[in-house]
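For 1-31, the entry in Swiss-Prot reads signal peptide. Per Swiss-Prot, domain 'GH11' is recorded for 32-222. Taken from Swiss-Prot, the feature pyrrolidone carboxylic acid applies to Gln32, supported by similarity to another entry. Annotated active site, nucleophile per Swiss-Prot: Glu117, in sequence order. The disulfide bond annotation in Swiss-Prot covers Cys141-Cys185. The active site, proton donor annotation in Swiss-Prot covers Glu209.
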Amino acid sequence: MVGFTPVALAALAATGALAFPAGNATELEKRQTTPNSEGWHDGYYYSWWSDGGAQATYTNLEGGTYEISWGDGGNLVGGKGWNPGLNARAIHFEGVYQPNGNSYLAVYGWTRNPLVEYYIVENFGTYDPSSGATDLGTVECDGSIYRLGKTTRVNAPSIDGTQTFDQYWSVRQDKRTSGTVQTGCHFDAWARAGLNVNGDHYYQIVATEGYFSSGYARITVADVG
């Protein structure tokens, strides 16, 4: 994701299914994209962002479940989880993930002080994001090898508007669509690699991201300790 600027849409969040009003046919024909929003739904924090370039629909379902379908074009990311995040959390996820092209399924979040966007990538489409990052080695977590990396975004959108910030990556080489992520293993590995992991957490979600691709995902998340 290039970043997220929060949009408070509490009334939409309460309904669970976020979409344009039925009477707004012109806008539906133009974008057919769920409006950007974030907030609480059925005990979980969700975030949904799109640059408007793709035909995309995000829907909050019961509990920790969400659904996304998207078409070619643009950048989008959404999912459910918690706010605030934690360095050490056991996150179980499972469901359906069917990308066509460049896409990630990841534990995803932000910290402030420093401002950092981080990804623990469990599955991806045609592009391994660690291949474009500064190589920080590997770590074994949750039964697989993850490639560690760092990138820097300059004057890019973020949770605090346009900023320059680092992105931390931990990318699983044995892809999976279900399992449990021990986030502490990854934060510890980043710290050993010299990265600052002492920031103040904002949200921490299991997100599906698409970048000029298409696909479908229906994911359920839970905190299991």
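Backbone N, Cα and C atoms are what each Cβ position is placed from, and that goes for glycine too.
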Task = Quick one: of the recorded positions Glu117, Cys141, Cys185, which has its CA closest to the CA of the residue listed as 'active site, proton donor'?
result = Glu117
Ask   = If you count Cβ atoms within 10 Å of the Cβ of the residue listed as 'active site, nucleophile', leaving out that atom itself, what do you get?
value = 24
Query = Between Cys141 (disulfide bond) and Glu117 (active site, nucleophile), what is the CA-CA distance rounded to a whole number of Å?
reply = 20
Reported mean pLDDT - the domain 'GH11' (32-222) = 98
Ask   = Once the chains shown are all counted, how many other Cβ atoms turn up within 10 Å of the Cβ of Cys141 (disulfide bond)?
value = 19
Request  = Would you mind pulling the DSSP three-state label for Cys185 (disulfide bond)?
outcome  = helix
Ask   = Within 10 Å of the Cβ of the residue listed as 'active site, proton donor', how many other Cβ atoms can be counted across all chains shown?
value = 28
Request  = Round to a whole number and give the Cα-to-Cα distance in Å for the pair Glu117 (active site, nucleophile) and Cys185 (disulfide bond).
outcome  = 17
